[in-house]
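In what follows, a structure is listed as C-alpha cells, so that the remarks can point back to it.
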Amino acid sequence: MSLSNKLTLDKLDVKGKRVVMRVDFNVPMKNNQITNNQRIKAAVPSIKFCLDNGAKSVVLMSHLGRPDGVPMPDKYSLEPVAAELKSLLGKDVLFLKDCVGPEVENACANPAAGTVILLENLRFHVEEEGKGKDASGNKIKAEPAKIDAFRASLSKLGDVYVNDAFGTAHRAHSSMVGVNLPQKAGGFLMKKELNYFAKALESPERPFLAILGGAKVADKIQLINNMLDKVNEMIIGGGMAFTFLKVLNNMEIGTSLYDEEGAKIVKDLMAKAEKNGVKITLPVDFVTADKFDENAKTGQATVASGIPAGWMGLDCGTESSKKYAEAVARAKQIVWNGPVGVFEWEAFARGTKSLMDEVVKATSRGCITIIGGGDTATCCAKWNTEDKVSHVSTGGGASLELLEGKVLPGVDALSNV
C-alpha cells in the first residue's frame, strides 16, 4: 500500500489556510516528563513546511495513552508536549485544554498568521475511538449523533486536513477518517513510512530476511503468513519460538510462553516455508529464569536439554546469537519486528543487543534495515542505534498491519489524485 494515488502535503496549497493536522504525539512519559521525543521530532518537517509556505495556522491534534474517553489531565495531558514542541520549532505553541467545542472553535477560527496550536488529548472524548469506559470503568459505546458532532467540531478547526499520524494509520478513529474537509493530504512522515514499506515489500533487495520476535504466535500468524510469500529467510525468536519448538521438536519448555491457539498452525506455517523455499532459523539455546522477574535466578538450557519444570526461557543463548548473526550476514534487506528476549531487563537483554549489533553492522555494509516500530524501536532508542539503521518506523501496529498486507484506514481516507 503506497501513497502513489493519494494527495500529499507537497502538492497541497496551504498559503493563507488553516491546516488541521493529525499527528502522533503518543510519546512515552515518566512523571509527566517525555522519555523519548522521536514521534514529536518526526512531525516537525510537515509542521515547518506549512509555516514556511504561509499557512495561517497549524492546529495539531493527537492522542496520548489510553484514557478510554475519560478526561484524565493529570495522567494523560498533552501539555508537556507543547513545551517540547516549542523548543523543537523555536516558536510559541498555544495549548488548548480541550480538542472540540465552542471555545476551541473560537480559538481556531481566526488566529494570528503563523500560529501553532496544540489541542488536548483526543481520547478524553469517547467519540474519538467510538468506544471506551465511563468514569466507573464500565465499557460504553459512543452515540452515533455525538460521534457526528465530535467530527463536525474537529472539521471546523481548519480549511485543509493533513494526516501525518502513521502510528495511528491502522485505526479508523474520528480524527483519522472523520474530518470532513475538501482536501485531505498525507504528511511527510506518512509518505516516508509508506514509501519505505512499499519498496521493501513490493521490490525487495534479496536475500530478504525477516526477524520476527515478540510473545504470541497467534498475534503474529498473519504476519508470518504474509512474510513467507515475500522473504528468503526468517528468524523466529522471542517468546513465540517456544510454541514452535514444542510442536516441532517436542521440547520441554517449562513455564515458558506457550500459545495453544498458535500451536495448531505451526506445522502449516512450516510447510508453507518449505514450499516457498524460505529458510527458517529458530533459537537453539536459552537464558532461563526461575520466575518472571528482573532479579530472577538465571540458568542455561538448550533445545536438547529442555527447560526444567518451573523455569522459563527469557532470552536466547550465545549459539542462537551465532546462528542469527549468520542469517543477518547473508541478507541484503532486513525487516525486524519484535525483540528476541526480555530486553528491558539486563540479565535477558544480551540476545537482542547482539542481534542489534549485527543489524547495525549489516547496515554499514549497505544492507537495507527496517525496524518495525513498537518494542523494537524502543531497543533502538535504548542502545542509541536509531541513526545506525536505514529506517526506524514510528508505528508499531501500523507497520505490523502493512507487513500483514492490510489496507490502513487512515491512508484510505485521504483524497485521491
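Cβ from N, Cα, C; glycine included.
Not measured: the values here are computed from a predicted model.
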Same-site residue for ATP (record: Swiss-Prot; known: ALA215, LYS220, GLY313, GLU344, ASP375, THR376; options: GLY187, GLY239, GLY396, GLY397): GLY239
Record-annotated ADP site (Swiss-Prot): member among PHE124, PHE150, PHE292, PHE343 besides GLY214, GLY238: PHE343
Top Cα neighbour of LYS146 (N6-acetyllysine) in the set of recorded positions PHE25, GLN38, LYS199: PHE25
Span of ALA215, LYS216, LYS220, GLY239, GLY313, GLU344 around AMP - largest C-alpha separation, Å: 21
In the chain carrying GLY238 (ADP binding site), residues 6 or more apart in sequence that have Cβ under 8 angstroms from it: LEU212, GLY213, GLY214, ALA215, GLY338, PRO339, VAL340, GLY341
Per-residue Cβ crowding (10 Å cut-off), top of binding-site residues ASP219, GLU344, ASP375: ASP375
Rounded Cα-Cα span from LYS75 (N6-acetyllysine) to GLY65 ((2R)-3-phosphoglycerate binding site), Å: 9
